[in-house]
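Undergrad: Here Swiss-Prot flags G12, A13, G14, L15, A16, G17 as FAD binding site, drawing on sequence analysis.
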Amino acid sequence: MAAISQPVIVIGAGLAGTEAAWQIAEAGVPVILYEMRPQRQSPAHHSESFAELVCSNSFGAMASDRAAGLLHEELRRLGSLVFSKASEHQVPAGGALAVDRALFSEDLTRTVADHPLVEIRREELRSLPTEGIVVLCTGPLTSPDLAEDLQRFTGQDYCSFFDAASPIVTGESIDQAIAFRASRYDKGEAAYLNCPLNRDQYLAFREALVTAEQAELKDFEQESAKFFEGCLPIEELARRGEDTMRYGPLKPVGLFDARLGDWRDPENRSRRPYAIVQLRQEDRAGNLWNLVGFQTNLRWGEQKRIFQMIPGLSQAEFVRFGVMHRNTFVNAPQLLDASLQFRQRPTLLAAGQLIGTEGYSAAVAGGWLAGTNAARLALGRSPLVLPDTLVSGSLFRFISSAEPKYFQPMPPNFGILPNLEQPPRNKKDRYAAYRDRALQDLRDWQQTHAIGNLSPSTGLATTAIA
């Protein structure tokens, strides 16, 4: 085993950086974790805690026959710190994994800071360290000086898109004589509050969104803004067509107020909602609720006026209004290998949204792999590549091999997995087959490299460097 001459440097304590720093330290390698907050705040963050969830508080579906849920299970078996803490701070969200974002981030901050091999430096790095092993996890809001230095290093302009966050309201301000608790098709707990709209209410709400005054974008004109399709502002959906929202975040199917009786009763057919606004619990106490799918760039006064048009929210008290910010990412297919190393400098690794993976879970997965490989490099070992039959492995294969000219951020999904040899015709069976293949291949890979948990969902494991 090689002698460790200097600590690994991790830049950025978001989801990816927090996971990376932990994996490095757990492998017995000292690490210095740089975080510029609170010395310098980003446009989207509200605290100085590590792994702050700046958009939703949900990591997506938990079921392992869904891409998001399968990625969760992969990360649990790999010994992810972030997913261990997500389970500890889970709040009701039907079939989704949602967390109390404040408790989750504060716990992660304490846990990482208390590790004897982790040194925290609350300062901004304005340029890439030129020596040693470095893991870059600065996210889509990388500070201007560091972004300029990275641009100089890669010789490339950044790609970019606009991202947005949803408003949060207090639970006591929601009229629960109108809003009702339910999960779609009664799956899981009745964890969502649902605000029903009839046709007239929906059309008036859509008209208000289409004609509302938007906040001015700082980076360039609104007309040239590109949005990530998985996180479109609600007003953008409204502009795309009369029914677009009803087939998206305001989809009413599978939801009915049980106080009115059975939705299947003939007399209740006319009482089915034309559209539904869902609110998801933000904290364990149920004091805060997030408007699901209501990312927005409306001015704050307009948000209050228009969102209070929603039945049940006429007296809503907003603790956070929706915000929009520009996300930048590098053209990963031209720069990175599937090990998340830069080809022109293998001791520089990167993870998170900066490399074009989309979503919280993907950032954690990238942090896990980049951190694991940084530790292996420090110990004189060869870096690893995850099997591409895994959701995580397929994602990193995609971002390292896609067509650079058309590269856009990619979320976890089954569409980028290798084809099954004998795919079932039924979609549910096909997704289950993807899951079974992935978990078997992960188990084989773990046994080969002596890494992580070999049994499902057993919490933390010590990273092994074999």
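Here the Cβ of each residue, glycine as well, is placed from N, Cα and C on the backbone.
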Undergrad: When the number of other CB atoms within 10 A of each residue's CB is tallied over all shown chains, which of the binding-site residues A13, L15, A16 has the maximum?
TA: A16
Undergrad: Neighbours of the FAD site G12, A13, G14, L15, A16, G17: Cβ within 8 Å of the Cβ centroid, same chain, sequence order.
TA: V10, T18, E19, A20, F50, A51, C137, T138, G139, A351, G352, A363, G367
Undergrad: Restricting to the chain of G14 (FAD binding site) and a gap of 6 or more, list residues whose Cβ falls under 8 Å of its Cβ, or answer none.
TA: F50, A51, E52, C137, T138, G139, G352, A363
Undergrad: For A13 (FAD binding site), name the DSSP secondary structure in the helix/strand/coil scheme.
TA: coil
Undergrad: Tally every other Cβ atom lying within 10 Å of the Cβ atom of G12 (FAD binding site).
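TA: So the number of other Cβ atoms within 10 Å of G12 (FAD binding site) is 31.
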